[in-house]
Every structure is written in C-alpha cells, then in structure tokens.
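These features come from TrEMBL:
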TRANSMEM  60-82  transmembrane segment
DOMAIN    72-330  domain 'G-protein coupled receptors family 1 profile'
TRANSMEM  89-110  transmembrane segment
TRANSMEM  130-148  transmembrane segment
TRANSMEM  169-192  transmembrane segment
TRANSMEM  212-240  transmembrane segment
TRANSMEM  271-294  transmembrane segment
TRANSMEM  314-332  transmembrane segment
Amino acid sequence: MRYLSYPAPQRYTVMIYLIGSQAPLPSTTSVGSEVHDATGSPSPNVSMTYSDVADALNDVYFWVILAFGFPGNLLAFGTILTMKPRLRFTVYVATLALVDNVCLAIKVVYFNLNSYQVDIGDVGCQLMQFLGTFTGQWANWLLVMMTTERLVDFTMPLLSRQINKRHYLILNAIIIALLLGVNGTSFKIYYFDRETRTCSDSYTRESTMYDFVYINAIVEMVVYSLLPVLCLSIMSCLIIRRLYTSVNNIERRFSIQMPALIKRKRFNQNITVTTIVACVIFSLLVTPRPLYYFVEMKWDEVKQKSYSRLLEQIFFAMSDSCHAVNFYIYFLSNRLFRRRLLELAKKAFMYISDFLQVKCYGLTRQKTLGSVMEVWTIQQGTYTRRNSQL
C-alpha cells in the first residue's frame, strides 16, 4: 500500500514500503537523555533521535510479526478445516489464514531483496509490489466477505438458503477482478532505482507521472483500509442487533429453553463474538495509518515534526500486524475453536510420544511380548494403542 511523503521540496515520494518506511526524515530531537561520565561532562554520540528509534523499529518489527503470524495462520488453517459443521464461514476463515501467510511471505522476500540491494530490475519491482499489495487488500476484503455471509445468514435466512456456492464464487471473483484492476497500476509506477539499488516510485513534480501517482496512492489507501473498515463497522452493528433480537424473540415463545435452542444460541454467540472481535481489532490496527497521512497531506507542518517518522513507522507496524493476529483472535474469543485446537494438540502429542518410544526403545510396529502383542494402529484419524492376543 502506498502513502505520501515529501522528504525534499522538489520531489514526490509515494511510500509503498511493504515492510515500512525507508526514507528517513531529518530529525535532531533527542528521545533520551545524555549519559555523563565520572567528571560530569556529557558523553558524545549517546543520544537517540526519533529517526533512530524508527530505524530500529523498522529492522525488528516485521520479524516479530512473521514469527508469531506465520505459524499462527498455519494452525488456524489446519484447525478450522477439521471443525464440524463445515460452513461457508469456516471456508472463509481458512482462506483468510492462507492469504495472510502468502502476504507475509511476499513481504519478507521484498524486505530482504531491498535490504541486500538485489538488482531485480523494473519488472521484478513491479511484480513484487503488485503481489504484495494485492494479497494485503484481498485478505482485508475476505474479512468483509466473511462478515457479509454472517449478516445474510442472520438477517435474511430464507435468502441465505437460496444462495449457493456458485453465487459466492461469482461475488468473490468480482472483488478479485476489481482488486487486480486497482493494483494493475503498479506495473506503470514502480522501477528499480540504479542509484539506491532499491525499488522506488519517486517522481519530480515536473513529471507527467506526479498527479497519477498521487491519485493512485489515495485510491489504494481507501481500498486497503478505509472502505473495509466502513463496511465492517456497519455490518457488525447490524449483526449484533439482529442476533440479540432474534434470540430474545425465541426465548419469549418458549418458557423452557429446549436443547436445540441452547445449542443454536451458543453456536451463534461463538461465531458472532469471533466476527465482531476480528472486525474491531482490524479497524483499530489499520485505521490510524491512512488517517495520519490524510492529516499529513492537509497540514504540511506535521511532516516537519521530529516525531513524524516514528509515528509513521508505528502505524506501519500496526497495519502489517493485522495479517498475523487472526489466529490469536480465534483462540481467545471462540470456545469451539479453542477446544478443537487443544484436541488436535493432544492427539499430536500422543502420536509423537508413541513415535519416540518406537525409535528410542527399539520397539517395532509389531513385537511379541509373551502372549501379548502391542500393535500401533490409526483408527478414525486418531493414534491409539491396543493389546491383542496371539
């Protein structure tokens, strides 16, 4: 995603920076205190500027996101596909985990290519930028589609039964086509800068590309964060209102809650809590970044503040972390997901334990011990041991 910055009076820079800001702004304001030696005189070169803090954050934060997000998304993908019943909602969750991991993988490749100044050429820069921005936007809109499916299921149950898999595939194909069209401009904007040996999108104000890049940056800003946040906010409120009223109406009709009603209520509550929490956290993470740049574009003096780049880097870290937190949202907010994950972890532990016993103690899959034979079998997807007589 691209944002705007003016590091020099005569140059225009759109800060795509899939990983973070890479064009430090001049700053001399210290964020720490000077260290004094034994004589009381200040020691030189020990104060840290806001730009130094931003550089340190830029070097570290993405590896933290990758360490927590990549395995978390894999666990979410594997766990959600084993849960029953398998609804369209669960398919969206699994797809979202997969797309988030693809986005993180592309970002780490882009980060290392720029860090080591690898000459990937203009086409390489354009392709990496296109894939990184497209997967990031697609992940955000998958969350919108997931929430839309929940909204239709709650508010229009009859219509929900008439909508089949083909209709959702068509709708998702339309969204993907629109995102491909929005990000197709990457092949016109980006190039490999031979001087800095990094991918760039900088143009002078006299260039014919100046206005085009400016407008394209605002469009991507809206598509990546502002429009999804607006849709999620409206749909989340409607889901909460509809769920509350529907459950209350059913409870008024029956003086005694039947088991089917209790099960339905609990299932709806689990899915609703997960969806709402995911929407709220997503909005909190991605909203500050575009708002900051709108403020920066309107008031030029904001860009000259010493803490400008540090805030910018913090908002980059928040925005990128939205691709790594979904697993932890599901685990903390959804009791069914948490129970299924613990069941899979227990089965995996039992399997590994038995496997190590076979390897470490020299046991074979079939070993005669007097009149008793231990046989390791896989029954209905679980790893168990049973005793059988010879």
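Placement of Cβ uses the backbone N, Cα and C atoms for every residue, glycine included.
Just so you know, TrEMBL annotations never went through curation; they're auto-generated.
Relative to the transmembrane segment (314-332), the listed stretch 60-82 leads the set 60-82, 130-148, 169-192, 212-240, 271-294 in CB pairs under 8 A. Counting residues 6+ beyond its ends, the transmembrane segment (60-82) has Cβ neighbours under 8 Å at 19-20, 90, 93-94, 97-98, 100-101, 104-105, 107-108, 111, 313, 316-317, 320-321, 323-328, 330, 337, 340-341, 344 in the same chain. Only residues 6 or more beyond the boundaries of the transmembrane segment (89-110), in the same chain, are considered here, and those with a CB under 8 A from a CB of the stretch are 18-19, 62, 65-66, 69-70, 73-74, 76-77, 80-81, 83, 128-129, 131-132, 135-136, 138-139, 142-143, 145-146, 149-150, 153, 199, 271, 320, 323-324, 326-327, 330. Averaged across the domain 'G-protein coupled receptors family 1 profile' (72-330), pLDDT for the predicted model comes to 83.
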